[in-house]
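Some features that TrEMBL has for this protein:
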{"type": "TRANSMEM", "residues": "A:20-44", "note": "transmembrane segment"}
{"type": "TRANSMEM", "residues": "A:50-68", "note": "transmembrane segment"}
{"type": "TRANSMEM", "residues": "A:80-101", "note": "transmembrane segment"}
{"type": "TRANSMEM", "residues": "A:107-129", "note": "transmembrane segment"}
{"type": "TRANSMEM", "residues": "A:136-156", "note": "transmembrane segment"}
{"type": "TRANSMEM", "residues": "A:168-189", "note": "transmembrane segment"}
{"type": "TRANSMEM", "residues": "A:210-229", "note": "transmembrane segment"}
{"type": "TRANSMEM", "residues": "A:257-283", "note": "transmembrane segment"}
{"type": "TRANSMEM", "residues": "A:295-313", "note": "transmembrane segment"}
{"type": "TRANSMEM", "residues": "A:325-345", "note": "transmembrane segment"}
C-alpha cells in the first residue's frame, strides 16, 4: 500500500519535473533565438532586428530600416533556425545511438559516420569526383558517404550478428578506414584544397540557406515522431537484448531501423554543416541526468537541449571574435572539455 | 576732360587686371554688356566657361528682369521662372540676352557644375540696376554666396568700386 | 512570397547607390544614353526637377564621355561577363592583390570603402587602409559588414580559394544582385597584363593602365626574351626552398612558374605534391648551381616592415652551414640567395622574377636592375614614400 503510494508520488514528481524541464527549455530556446537574431556586425539595434523580422512577415504593416530586412532574412534568421534544427537532430540521433549501443558515451559519430562524411567531402574537394556536379558536389558526397558507412555497419553486423558490441567494433574499424583515406587525400591535395577540407571539418552553420533548412526540418519532422512512437522499444532495448526479446521487441530489426534512422538524421545535417561534435553526446547525457532515461520524453527533451546548446555555441562563435565568425564545431569541441571533467569528477557506478 | 579720360583709362586698366583675378577658383566668369541698362533695354550677359567638358550652369535673374534669348542650342537650354539652365558640352562661352524692367535692380547669381571633374560652385554675382538706380532690397534674388573670408569676394568688391569709379568718371 | 516582395521593395529603396538599374538618364530604357537624353536629364536636374541626383548625373556624364553612352561590358578572369552601367564609386576588395593593382592604376583610394583584414593590418604598405572598414578574409568574410557598406563592386580571386569565393559570390548574388562581383587574381604572370587592362577599363583609368601594363610587360617579356634561347640542358639548375626546410615547389605551383620564366630548371618540378618535402640527400645529389630561399609569412624575415637585412643574412648563413652543402656548386660559387615572398608572390611577382633572372643568368641580364624596377613601382605606380635604400629588406645579397 505504502509502496504504491510512494511510487505514484514519485512518478507524479517525475512527470512534473519533466514538464518543467521541457517547458523551461522551450522558453530558453525562444529567448535564445530572440537574442541570436540580434547578433551580427551590421550594428542594428535589438528593436531594428525584430522590426526586420516583423516586416518580412507582415510587409504591409511594418517597414524595416534599410538593409535590415536583407541582412536579417538572408543572413541571420535561417542560420539561427538551422542551428536550432541541427542541434535538435544531432541530439535526437545521439540519444537513439546511446540507446541501441547501450553506451552513454556513444554519439551519432561512434559508428564512423562523421569520418565517412569527411572522406566524401575530401573526395569532392581534392579529386573533384562525386555523384552530383556543381555546387552540391560536396554536400551530396558527404551525405552519400555517411549513408555508405551506416550501410557498411548494417552489412557487417548482419554478417557477425547484430549486437551493440559488433556495431561498435565495426564503427571503429570504419572510422579508422575513413580517417586514413581523408588524411591521404589531404596530403595529396594542394594547399588550397587542404584548407578547404580542414574548414569543412570544423563544422559550421554558416552555409545554411532557407532551402537547406527546409530540407533538414522536413527530414526531422518525418523521423522524430516515428522515433517517439517507437520509444518504448528503445526503452526495452536499453535494458538488454534478452530483456527486449522477452518483451516481444524484434531486436535485430529494431536495432537496424533505429541505427539507419539516426544515421539518416545525422547525415542530412552534417552534409550541410560538416562534423559538429559533442552535441549528440552531451545533450542526451544532460537530459538523462535531469529527467531520467525514458525515451518517450528523453528524445524530444534531449532534442531541445541539443538545440539550445548548438544555438548558444553558434552565438558564442559569432560574438567572441567579432567580426570574425568562429566555426561552431570548434566551440562545441571546447564544450566537451567541462563535460568530461564533470563526468570524471562525479563518476557514479550506475 | 583729359583728366576724366585719364581717370577712366586708369580705372579700366585696373579693372581689367582685377577682374580675371577676381574670377579665381571658378571656371565660369560672367560679364554684362552693361550693368546699368535703361528701362526696358535688352542687354547681353556673357559667360566665359573654362575647361568644362560636361557640365551645367544655372543663372537666376533678379525679379522683373526677363530672359530674352540665347545663342546656346535650344535643346540645351531650359527656362523655369527666373532660372535659366544651360547644359554645357565643351563650350567656352555662353551668351544670353536679358530684358530689363522699367525699374529695379538686383544681382544675377549663378551656379556651375562640372560633372566630369565632380565639382560645383557658385558664379560670383553681378549687380545690375536700371539706370544705375540701386533699389536696396528690392528685386534681389536670395543672396546665395555669403562666403566671408573669400579673397574673391574682396576682389569683387574692389572691382565693383573701380567700376563705379569708372562710371563716375563719365558724369 | 512576402519576403521576395519585401526584398524588391528594399532594393528599390536603396536604388540610390545600387547599380542594378540601367544607365541613369536613359529615359527610353534602350540601354544607350544618347546626347538628347543626357541633355534632358541634365537640364531637369539643374532646375530641380526629375529624380536624378548629382551623383546620377555625374555617372551619366561619365558613361557618355568615356563609354560613348553605352554600358561597358567586361569579362573577368573567371570568364563571367559583367555589364557596368555606371562607374564604380564604392569598392570592396577581399584580396590584397586587387587592391594593389587598383592603386597602381591610379584609382582613387577614397572609392575603396573596405579591405580584407590582411591588407588592413599592413600599415607600412597600405597606410591609407587602416581607417577603412575591415571585411575579414575570404575564408571568414564578414558578410553583414559588406552589405551595410552598400558597395558597387566586390573583388575576389578567380582561380584560387574558389570554394570560398564562390560562396561569397552566391550569397551576394542571392541577397543583393546590384553588387557586382569581380573575380580577378592579379598575381599570375599569364593573366596579369590582361587583368590590368580590364580593370583599367572598368575603372576609367585606361591611360595609367596602359602605362602600367607596358611597364610590367617590358620587365617580364624582357626576362622571357633573355632566356628564350637557352637550350634545356644548359638551363641553370636551381634548388628553390620554401619557408620550411627541404620543402620545395613542384610544377603547378606559382613559384615554380616564375622560376621557369626566369629560365631556371627545377629538378624537383616533376614531384606529385604541390609542395613536396624532399630528402636532403636528393638535394645534394642534384648539385644545384643556384640556391634560393624564400622568406616571409611563416619564416618572418625581411619584407616591407623595418629594414632587417640582417635577418635575411642570417637565413642565408643557416643554409650555408648545412652539413655537406659546401660541396654544392651553388655554395662554392657564392650563389645562395634569399628572397622575400612579398616581391615574388602577389602582384609584385615581376620584381622577384627579375631578381631570379639576374641571379640565374648574370651576364645575360647585366643591364637589368630589379632594385630600380622595384623603386619605380613603389614611387611611380604605388605612390608610396618608400626608399628601398633605407627601408624594407627583400633580397640578400
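If you go along the chain as it appears here, the first residue is 1 and each next one adds 1.
Cβ atoms here come from the backbone N, Cα and C positions, even for glycine.
Note that the structure is a prediction, hence the values are computed from the model and not measured.
When Cβ-Cβ distances below 8 Å are used as the criterion, the transmembrane segment (A:210-229) is approached by residues 78, 81-82, 85-86, 88-89, 92, 96, 258, 261, 264-265, 268-269, 272, 295-296, 299-300, 303 of the same chain, each at least six residues removed from its ends. Sequence-remote contacts of a segment are chain residues at least 6 beyond its ends whose Cβ falls under 8 Å from one of its Cβ atoms, and for the transmembrane segment (A:257-283) they are 82, 85-87, 89-97, 99-100, 105-109, 111, 113-114, 117-118, 120-121, 139-140, 142-143, 146-147, 149-150, 153-154, 167, 199-205, 207-208, 212, 215-216, 219-220, 223, 226-227, 230, 234, 237, 302-303, 305-306, 309-310, 327-329, 332-333, 335-336, 339.
Packing against the transmembrane segment (A:107-129) from elsewhere in the chain are residues 90, 93-94, 97-98, 101, 137-138, 140-146, 148-150, 153, 167-168, 170-179, 181-182, 185-186, 188-189, 193, 196-197, 200-201, 259, 262-263, 265-267, 270-271, 274-275, 277-278, 280-281: each is 6 or more residues past its ends and has a CB under 8 Å from a CB in it.
Sequence-distant contacts of the transmembrane segment (A:325-345) (same chain, six or more residues past either end, CB-CB distance under 8 Å): 83, 199, 201-206, 273-279, 281-282, 285, 309-310, 313-314, 316-318. Below 8 angstroms of C-beta separation, residues 29, 33, 36-37, 107-108, 110-111, 164, 167-168, 205, 208, 212-213, 216-217, 219-220, 224, 227, 234-235, 237-238, 254-255, 258-259, 261-263, 265-266, 268-269, 272-273, 276, 279-281, 283-285, 287, 295, 298-300, 302-311, 313-314, 328 of the same chain, each at least six residues beyond the ends of the transmembrane segment (A:80-101), sit close to that stretch.
In this chain, the transmembrane segment (A:168-189) lies close to the transmembrane segment (A:136-156): three or more C-beta pairs between them fall below 8 angstroms, excluding pairs fewer than 6 positions apart.
Sequence-distant contacts of the transmembrane segment (A:295-313) (same chain, at least 6 residues past either end, Cβ-Cβ under 8 Å): 18, 21-22, 25-26, 28-29, 32-33, 36, 80, 83-92, 94-96, 99, 205, 224, 227-228, 231-232, 234-235, 238, 276, 279-280, 282-284, 286-288, 328, 331-332, 335.
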